[in-house]
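Enquirer: This is the structure I have questions about; it appears just below.
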There are 2 protein chains.
Amino acid sequence: MKSEHIPKATIKRLAMYVQVLETLKREGSQVVSSELLARACSVNPSQIRKDLAYFGEFGVRGVGYHVQDLIYSIKHSLGVDRVWKCALVGVGNLGKALLRHQDFKFRGFDIVGAFDCDPFKIGEEVSGLEVVCTRRLKDAVKELGIEIGLITTPVNRAQRAANFLIEAGVKGIINYSPAMLTVPSDVYVEYVDFFHHFYSVAFSITLDRKQDRPGVDSTDEDDA
Amino acid sequence: MKSEHIPKATIKRLAMYVQVLETLKREGSQVVSSELLARACSVNPSQIRKDLAYFGEFGVRGVGYHVQDLIYSIKHSLGVDRVWKCALVGVGNLGKALLRHQDFKFRGFDIVGAFDCDPFKIGEEVSGLEVVCTRRLKDAVKELGIEIGLITTPVNRAQRAANFLIEAGVKGIINYSPAMLTVPSDVYVEYVDFFHHFYSVAFSITLDRKQDRPGVDSTDEDDA
């Protein structure tokens, strides 16, 4: 597998494919066409076929992709079919929502540490985890083998949280705050933002009304 | 502007551009290069230039894009520079996190109704909103002019919530549950999933280690 040449945008799409495939699997689907997978991921079928070509040929002509095989192949090829220990920094509403989310561990992402700098939160227990002072992050990362950091702090605390994670040696950060982070080139940051979903919906409703037709065009080539 | 031909994937990217541009604006940036905007959005610069071509020429050679002008042009061209009334269905941890999120109203998305079918939640007040029985959704949508529905229910309740929203005439749904929804062709659903962010980070960390180089390639053509 020519992983050494997989572009970042492809990795993002592969991640989305796996997530959608796992949803299909949960719903009992054994086979999926590239057209259906494309619709669910809002990319075009040719793009999906191109992306999956990194892992050799999976598709069965006239049948589609075997959901389970495809999930396994992508995750195994990329070496992510294992448990990833995660630390969450910032135990506010969103932090608690993520800590209480049941699916993470099931999907191989185990949040083993919850950190906050608020003395009123330190010591509090959230879904079985005791909230610990962020200053103790570095030790926890070493002791628990944490590889991924989730930042759910207010925007003005996000860079500080990132600095703690980077100093602790964490190479992967998922940032739920709207802050743009400054990180070394060997640290990968995934920005989570709720707003593009809102804009997507608002755009679609508006265009539907302008165009007076059901649904916006999802068949056009992505890069038409 | 040829909005009638904007593909769905482009709309998704435009939504992301606006969100990133607004973050840049908040941080004081007045101008942004298509390269920086491309990096922040994990697409390639040529894609951004192609997408923005729908709205005529914005870029200033050697300077880049004027952040404020570009935000205005995209939102105004698409007709979303106004307030959108939203209803949230499912007042669990995530629902509360969203209801307490300060930025939504500021960005033009005003959550004016919170609904749940749990009698123990009905009547509870969350950030100034009284949780109302989901059966009253239809009336609320009419009375309050709600156009967008947020589904933050457990997975097995999501389709039911969607049915209530659709019956109430809502044409845009943001689904935070992992359930795939069955909706009429004139209803647009935006699926929010936290996992592709986790997979993206896990993929990137793994590939970095395999490839023993800092950062995954973000310069390759998206569709290389």
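Quick reminder: no glycine exception, Cβ is built from N, Cα and C everywhere.
The DNA-binding region annotation in TrEMBL covers B:16-55. Summarising the annotation, TrEMBL assigns NAD(+) binding site to B:G90, B:V91, B:G92, B:N93, B:L94, B:G95. Here TrEMBL flags B:79-180 as domain 'CoA-binding'.
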Enquirer: Within its own chain, what residues at least 6 apart in sequence put their Cβ under 8 Å from the Cβ of B:G92 (NAD(+) binding site), listed in sequence order?
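Expert: Same-chain residues close to B:G92 (NAD(+) binding site) (Cβ under 8 Å, separated by 6 or more) are B:T152, B:T153, B:P154.
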Enquirer: In terms of Cβ proximity below 8 Å, which binding-site residues out of B:G90, B:V91, B:N93, B:L94 neighbour chain A?
Expert: B:N93, B:L94
Enquirer: Can you work out the mean pLDDT of the predicted model over the DNA-binding region (B:16-55)?
Expert: 82
Enquirer: If you draw a 10 Å sphere around the Cβ of B:G95 (NAD(+) binding site), how many other Cβ atoms fall inside it, taking every protein chain shown into account?
Expert: 26
Enquirer: Specify the count of other C-beta atoms within 10 Å of the C-beta of B:G90 (NAD(+) binding site).
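Expert: B:G90 (NAD(+) binding site) is surrounded by 25 other Cβ atoms within 10 Å.
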Enquirer: Would you mind splitting the DNA-binding region (B:16-55) into helix, strand and coil residue counts from DSSP?
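Expert: Tallying H, G and I as helix, E and B as strand, the rest coil: 30 helix, 2 strand, 8 coil.
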Enquirer: Report the DSSP secondary-structure composition of the domain 'CoA-binding' (B:79-180) as helix, strand and coil residue counts.
Expert: 36 helix, 29 strand, 37 coil
